[in-house]
Each structure stands twice: as structure tokens, then as C-alpha cells.
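As recorded in Swiss-Prot, the features of this protein are as follows:
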type	residues	note
BINDING	Gly13, Ala14, Gly15, Leu16, Ala17, Gly18	FAD binding site
Amino acid sequence: MSQSTATYINVIGAGLAGSEAAYQIAKRGIPVKLYEMRGVKATPQHKTTNFAELVCSNSFRGDSLTNAVGLLKEEMRRLDSIIMRNGEANRVPAGGAMAVDREGYAESVTAELENHPLIEVIRDEITEIPDDAITVIATGPLTSDALAEKIHALNGGDGFYFYDAAAPIIDKSTIDMSKVYLKSRYDKGEAAYLNCPMTKEEFMAFHEALTTAEEAPLNSFEKEKYFEGCMPIEVMAKRGIKTMLYGPMKPVGLEYPDDYTGPRDGEFKTPYAVVQLRQDNTAGSLYNIVGFQTHLKWGEQKRVFQMIPGLENAEFVRYGVMHRNSYMDSPNLLTETFQSRRNPNLFFAGQMTGVEGYVESAASGLVAGINAARLFKREEALIFPQTTAIGSLPHYVTHADSKHFQPMNVNFGIIKELEGLRIRDKKERYEAIASRALADLDTCLASL
């Protein structure tokens, strides 16, 4: 397919990702047609017609460079992010986090984009993928059915799908490896899972805690997606004392290794129950809890799941969530610039690409917007270093295992490890990673 000869770029959706993409394109001197259906057609979760509206929390999370999202925000500031700039201008006290006056912030983003001389705001619902120009689609996790159908067809009918559950992901370095063992069920293939065995007593206590834990409330627009095919672990537990033993905690084929010295029920060779952890990234620094999609409150997840042997001190880089969410099979469909592999004139941004969170969504819009502009100018694509947060996030979502791909927040586990350095102190290690990231980003920008 040849490159479009249009004199403008389309951006569909004016959430965090679309707003950022539109600004980055216009900043580079290219006219933008920014489409937003709110004002013509409402959504269940938005309360206003403002751009970049925050529909849940007003927090952009931690602001320290020893926090991965704090590093990402600093990188975005250096890239002149409209979301970060207006967030700073509307900041409210929140301790070590960055929180904003949600209305003032959204109003200021809206005003800046509406008053930009190169941005034409069009309040209308888009139901077809435009073929008149380079286009960035940033329509969010609740993309309208009509447009979702078109994206589904574009991707061959199998690359755009609904998924409403995600299991917690933990930092491997915080797992007590003395209490777990590496094994695949029935020893099929390579030993690929970390197994957390439970005695009957441990399982009964865990079951009791799980069935009495407090769940997060569902929004009205989410209830329809609470279905049998993706049952939360706490719902499964409430169906019977042994239901989980025939599901994600099934011990069959996961016998203790000969050198196992932890607690066990008598001389049994197989644990009473097993929780499996599966590697979640290519670096092997992140593991998810297999089959543990959940809608428990985050504090309850930490309390209950830290009862699992080996996870007593586990750090969660992402808690489990249960919500309606549409996102793409990005590892098969997108490049690291969020460009479609099947239609090079098309970019995607925001949660539909598999990034999770306000800041991450805006960051994906920044990357997509810059690269849409570079494509328009027939310049080489800009891929940020994997040593940076803004480089590692698109790398993760476009190189993850497609079969088990789930949305991801930015975290230090997906950023390239330090080379030639082994820093035991976590704070010092994160500081070193952040220092390297900012230096590498500055070098990258200086070379442009």
C-alpha cells in the first residue's frame, strides 16, 4: 500500500492518547483533523465533553524516578507532552504522587487543542476507518461497536477482541525461591512454571480468606462483561471448597521434586493444591499468577495472595482487574511505533494497544503521533531505546507472547537491565536505571 498524499493526518478519539498524538503531530507543523464523538454521542463512563477526561482516579501515580511511572512521566516532559504539561499546571497535593484537578486539567487540554491553528476539531462518530490520510486511531477500551467491527475486519477477523480479566503480575526478584519449584505439568516440554505448593491446611486458610475478601464494585457499564468464560478466582472459590482444585490450583502432574524440603502433607508426592506462576516477559523478570483473574480490591489482593507460599513478600507490578476492555493482539499486529503491520498508513494508540493506565496511554499517543508525523514527512521511524520507559513499553506490547498477552502498566521489569552492574539495593538500582534512561533519551533526541 502506498503512502497517503493527503495534506493532513486524522486522529480519531480525543482521550489521553488521541490528545497527545494530535498535539505531537501539530507541533511538527502538520494539519490535524481530530475527531471526538462526545458532544454528539455519549459514553457510559464519561461525564463531560472535554478532551483527555479522567474517568476514574485523578492520579497519575508516583512521581519519583525510583518509580517506573515517575520515570515515564519525566521522559514525557522532556518530549513536551501536552498531557504532562497541563497536568503540572493543574496539580493538586498528593504526597509523592502526581494528582490533578480533573476538571481544570481536562479543560486546559481541550482549550489548547481547540485553539491550535493546525488542529481542526470535528465532533462526530467515526464508524469507518478513514482511507483518505495517515490516521491514528485512539478510541479507547470501549470503542464503538461499528468501528470495532471494522478494525476486526482489517486485522483479518482474529486480531481485535474483547477480554475482561487480567491476573496479577509480580516481580520475580521478590519471590521466595526456596518455597517454589520449576516444573511443567506432567513434565511436558521444558520446565516453564514456578509452582507454589500448598498443604491442605494452607489451602483451607487461603480458601477462607479468598471467599471472604472484599471485591471492588463493578461500574454499570461493566456488568454485562462479567461472564462465565472468564470467571474471577473468588467467584470460582465460592462455588465450592474443591472447585479451584479442578481448575487453576489443580495439583495433578505437579509432583514435588526430590530435593523439595518445604511443608508437605505426610509422605504424599503431590501437593494438596498448587498455584502456578507463568513467565510474563521475555526477560523473565515478571510472572503472572495463572488463572487468577480477579476483581478483589487491590489491598485485598495483596493480603490474600501473599498467603501463597513463596509470595509472602511479593511485589505486585500489576494487580488483577476485571473490566470490559477491548484491545488488539499487538504483538502480531503492530510495530514498535504502534504502526499497523497490515496498513502502514494506520497507527493505533491508547489502551486498545495493550498499555494500561493514564500515563501509559498518553505515552503511546506520543509515540504514535511522533511517528505518524515522521511518516508524513517521509522520515525514518523513531524507536526509543529499550533502556527508557517510553521505549520499553511499546517494545513489550509488540513483542510479548501473543497467546498470553494482557494489558500492562509500565514497570522496571520491562526496562532493559543494567549491563555490567549488579546493585542489590532496590532504590539504588532503580535510580541507576532512571539515570541511564534519561541520559539515553537525551542522546536519542540530540541525534534527531
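Glycine is no exception: its Cβ is also placed from the backbone N, Cα and C atoms.
Annotation note: Gly15 (FAD binding site) sits in a coil segment as assigned by DSSP. Most other Cβ atoms within 10 A: among the binding-site residues Ala14, Leu16, Ala17, that distinction falls to Ala17.
Cβ neighbour count for Gly18 (FAD binding site) (all protein chains, 10 Å cutoff from its Cβ): 30.
For the recorded FAD site, residues Gly13, Ala14, Gly15, Leu16, Ala17, Gly18 set the reference point as the centre of their Cβ atoms, and the other residues of that chain within 8 Å of it by Cβ are Val11, Ser19, Glu20, Ala21, Phe51, Ala52, Ala138, Thr139, Gly140, Ala349, Gly350, Ser361, Gly365. Gly15 (FAD binding site) is surrounded by 27 other CB atoms, counting those within 10 A of its CB over all protein chains shown.
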